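Quick notes on the structure that follows.
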Amino acid sequence: MPRLHDHFWSCPCAGAARRPSLQRARAAKPVAELGDMSAPVAQAAGADPSPRGPRAGASGRANSWHHDLVQRSLVLFSVGVVLALVLNLLQIQRNVTLFPDEVIATIFSSAWWVPPCCGTAAAVVGLLYPCIDSHLGEPHKFKREWASVMRCIAVFVGINHASAKLDFANNVQLSLTLAALSLGLWWTFDRSRSGLGLGITIAFLATLITQLLVYNGVYQYTSPDFLYIRSWLPCIFFSGGVTVGNIGRQLAMGVPEKPHSD
């Protein structure tokens, strides 16, 4: 015998009552699908700015790195110009270096091209030292403070002053003394393999360039004993390279590495 609830669900009025709910469910399904399809469209239209975030951050870091590079270059160039004017004046006053009369009528009685050339060399060397340290994976951490850098500059000026002031029986004794002082400067304020290697390379290249300049009559040295120059000159170049390198390293402290573009 059929039960009462079976008659109720088979009643036509009950089926009529269920049809509106089924129609509303079927109508809501395309709307939901349309909402799901609208998400990729909005993302493609640029509603989500996240893909551009990393690219904008990398661009900002690159601009900051280049700005810092220009600042360090200007500081190193200025240091090189000042050192060139002061130290070259000492050499000229002691008649160690001789320039033609027509080219020493400028500031500090020095040839006009000496300060900018020394400034450019100082900028290149000062930027090269921290770059080599980063490339070798050996950050220089020995006496990284401005007080140590200032003492290194003072010792370098003293070595240059000794080359013009000290009187020895011959240039060999003076050269050996200055060589010992230059190595002592490196050991006291640097002690890195990269600093030693770069100092020797700088001394070799600078000595070669100086030989060519003197050979072509740009200027000359009194009493040359190493081809056309003084035998102690490589010691000055070596200690100068170590000094400028320490300045460049100190300026590079806290500077982020150059960002790599993928």
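Even glycines carry a Cβ here, placed using N, Cα and C.
TrEMBL entries are annotated by machine, without manual review.
Per TrEMBL, the feature region 'Disordered' maps to 42-61.
The feature transmembrane segment is assigned by TrEMBL to 74-92 (among others).
Long-range contacts of the transmembrane segment (112-132) within its own chain (CB-CB distance under 8 A, at least 6 residues past either end) are made by residues 69, 72-73, 76-81, 83-85, 88, 103, 106, 140, 194-195, 198, 202, 206, 241, 244-249, 251-252, 255. Taken from TrEMBL, the feature transmembrane segment covers 112-132 (among others).
Proximity of distant same-chain residues to the transmembrane segment (168-189), defined by a Cβ-Cβ separation under 8 Å and at least 6 residues beyond the stretch ends, is recorded for 142-143, 148-149, 151-152, 155-156, 159, 162, 195-196, 199, 223, 225, 230-232, 235-236, 238-239, 242-243, 246. Marked as transmembrane segment by TrEMBL: 168-189 (among others).
Residues or ranges marked as transmembrane segment by TrEMBL: 196-215 (among others). For the transmembrane segment (196-215), same-chain residues at least 6 beyond its ends with a Cβ under 8 Å from one of its own Cβ atoms are 121, 125, 128-129, 132, 186, 190, 221, 224, 227-229, 233-235, 237-242, 245.
Per TrEMBL, the feature transmembrane segment maps to 227-248 (among others).
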